[in-house]
Amino acid sequence: MTVPFGGPSLADLLAGARVVSLPMRVRFRGITTREAVLLEGPAGWGEFAPFPEYDDAEAATWLRAAIEAAWLGPPTPLRERVPINATVPAIAPQQVPEILAPFPGARTAKVKVAENGQTLAEDVARVAAVRELIDNVRVDANGGWTVDEAVTALDALTADGPLEYAEQPCATVPELVEVRRRLAEVMNRHGRRRVPIAADESIRRAEDPLKVVRTGGADVAVVKVAPLGGMRRLLSLADDLAGHGVPVVVSSALDTAVGMNAGLAAAAALPALPYACGLGTGGLFVTDVAEPRQVADGSLAAHPIAPDQTRLAELGAPPERAQWWLARLRRCYELLAVSGDAWDE
Ligand SMILES: O=C(O)CCC(=O)c1ccccc1C(=O)O
Ligand SMILES: [Mg+2]
C-alpha cells in the first residue's frame, strides 16, 4: 500500500492525538517524566516523542515513524516473540535486584555506565551486582568517556568477566575507531577477547548511519524505530548493515507501550535476530498507557497492543505541556510536508 504525503492531513493527525505524561520509577537519561503524543490512525496507534532538547528537523523524523505506525501499520512479522535485555539505569548496586525483578528469564542485562557525577568504581560495583544475577552483560556509556577513559574502564569492567559489548563508549566516530584499536592491544596483552563496540548515537543521530560501520568504528549497531524514521527504514538500514557483516540490536527510545509496538514489530520482521533487544524499558515507568506486557522466559510478545482509554485519561499531560507538544507536532508536520517523501519507503 502506498500512502504518499497527503494521506494524513494535519487535521487527521490532530484529530487522533493524545498528549501523555508518564512518571518514571527511577531517573533515566536525566528525566523523571516521559512525555509523548499518541496518534490514532486507520492502521492503529503511533507515538511521537522526540526528546525535548531535539530540534524540529530531528524531531520530524520521529513524526514520520509515528505516521507510518498509525497509517500503514507494521511490516510482515517473521516471529511471534522477541527476546529482550533487562535495562539497568545508573543506580546503586543494592537496587539491582529490584530493578531486575520485572525481567524473569532475561539472559542479558544492559547496564548504564559513565553517568555524570559517578565514578568508575560505582560502574564496576553495579556491573558486579548485575553479574550475580544475569551472566551476559553489556554496558552503555552514552558517549560519556574519552578514549583513555573508555580503555581504562572497559579493562576494569572485564577483569571479573566478559562484556557482550560496550555501547557508544565515546561520542564521536573517530574516537570509536580509536577505542576499538586500543582495546585490541590491551585485551590481547591480558589474554582476553576484545570487547565488541556497539554504535547507538553514532547511528541514530548521524546524517549517514552507515559511516561508523564503513570507518570501522562498530561491531554491532543499535537501531531504534523513531529516530530512524520508521519500521521500514529500520529494516532497510539493517539490510545494509548486514551487507557490512554488522548485526543489529533493536532498542527503545524510552517508548510508551505504543512506541514499543513499533520496536517489537520491527524486531519481529528482521530476518536475523542474534541479540536480545533493548525493548524491555516499559518497566521503568510507574504506569504505562496500556496494561504492561509481561516478560516471560526473557521475551515479549510482538503483537501490537492498543492503549487503554482509562489510562490515557489518567496520564493526560498538563494543558501547557499538551500545547507545547501539539505546536511541535505542527511544525514537524510542515517540515515533512515540504520534504514530501512517501510513508512506505
Ligand atoms: O537499550 C536498552 O536496553 C534500552 C534503551 C536505552 O537504553 C535508551 C533509552 C532512551 C534513550 C537512550 C537509550 C540508549 O540506549 O542510550
Ligand atoms: Mg544507547
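FYI, residue positions are counted from 1 along the chain as it appears here.
Cβ atoms here come from the backbone N, Cα and C positions, even for glycine.
TrEMBL: automatically predicted annotations, no manual curation.
Within ASP123, ASP200, ASP208, the residue that TrEMBL lists together with ASP140, GLU167 for binding Mg(2+) is ASP200. Cβ neighbours of LYS112 (active site, proton donor) (same chain, under 8 Å, six or more residues apart in sequence): PHE28, THR87, VAL88, PRO89, ALA90, VAL139, ASP140, ASN142. Within 10 Å of the Cβ of GLU167 (Mg(2+) binding site) there are 28 other Cβ atoms, across all protein chains.
In the three-state DSSP assignment, the secondary structure recorded for LYS112 (active site, proton donor) is strand. Here LYS224 (active site, proton acceptor) is positioned 9 angstrom away from ASP200 (Mg(2+) binding site), judged by their C-alpha atoms.
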